[in-house]
Amino acid sequence: MRKAGVWGLLWMLFIEEIQAAAEVFEEKCTLAEGQTLKVSCPTNTNIYSNSQKAWQRLKDNGEVQTLAITEGSSQVRVGKYFLEDIPSEGMLQIQMANLQVEDSGLYRCVILGPSDPIILFHPVRLVVTKNSLGTPASDEYPCQVSVQNPTPLPVTTKLRPRPRPRPKPVTQPIPTSADRLSSPGFTVTPTNVTHVNRAPGISIIIPAACGLLSKTLVFIGLFAVTHRSFAS
């Protein structure tokens with residue numbers, strides 16, 4: 001109960017602050033006689049879709065005059081005042097046609113409730129001037145006071161080019177000499193080979209020396225045997 005009372009008090013203070021701020025700021029609109037005032041008041045669809053909405057005039061003596069009320073209908077016309085409640089757009093459209101100088105004053109659009117009304121938009125200070133030509137002014141450029149519900153800005157997505165995949169380095173084993181020799185299609189060309197020049201007479205001298213040595217040994221042996229036989 002205490003929490004509910006606190007929240008209720010805070011809500012009342014919040015509403016009073018909004019109303020005080022709304023009374024400070026005014027939208028001024030100057031029109032000539034015969035023209036039409038058009039005002040768009042944003043509403044909260046989730047909260048006030050079924051609430052009564054009204055167009056009021058604030059007199060100089062502080063009196064509030066209710067000019068038109070949406071009595072369960074989306075469109076209401078009372079004399080020169082036309083109200084259209086559009087819950088799907090969260091907007092209350094108001095028109096005052098065939099303006100006269102005596103229509104000059106301060107106006108506001110509100111939500112009617114059990115207590116004080118909830119102000120939907122800044123009060124509009126309407127100033128109606130005499131038409132110098134004496135004929136009704138054209139409605140081609142009526143004064144429009146409106147506030148559109150904030151809409152999210154479009155999000156622009158920039159497509160970035162996808163980076164190309166880099167080729168992965170392939171590690172190959174270093175071929176050995178045996179692999180080079182055994183691999184087909186390779187020709188082995190020996191390099192840095194020292195050429196040895198062989199003398200052609202070596203193959204003849206060595207056998208001749210061996211034969212001469214053996215003959216010399218035989219001759220020495222025969223000489224020793226002969227010398228021993230003569231000595232005896």
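Heads up, the Cβ atoms here are built off N, Cα and C, so glycines get one too.
Values in this document were obtained by computation on a predicted structure and should not be read as measured data.
The signal peptide annotation in Swiss-Prot covers 1-20 and is backed by sequence analysis.
Averaged over the domain 'Ig-like V-type' (21-125), the predicted model reaches a pLDDT of 88. Annotation source Swiss-Prot lists domain 'Ig-like V-type' at 21-125.
According to Swiss-Prot, the feature topological domain 'Extracellular' maps to 21-203.
Swiss-Prot lists Cys41-Cys109 with the feature disulfide bond, giving sequence analysis as the kind of evidence. Secondary structure at Cys41 (disulfide bond), as computed by DSSP, is strand.
Taken from Swiss-Prot, the feature region 'Disordered' applies to 152-186.
The N-linked glycosylation site annotation in Swiss-Prot covers Asn192.
Per Swiss-Prot, the feature transmembrane segment maps to 204-224; the stated evidence is sequence analysis.
What Swiss-Prot lists as topological domain 'Cytoplasmic' is 225-232, and the listing cites sequence analysis.
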Cys41 (disulfide bond): tally of other CB atoms within 10 A of its CB:
25
Residues in the domain 'Ig-like V-type' (21-125) grouped by DSSP into helix, strand and remaining coil:
11 helix, 51 strand, 43 coil
Measuring CB to CB from Cys109 (disulfide bond), give everything in the same chain under 8 Å that is also at least six residues away in sequence.
Val39, Cys41, Lys53, Ala54, Trp55, Gln56, Leu92, Ile94, Ile119, Leu120, Phe121
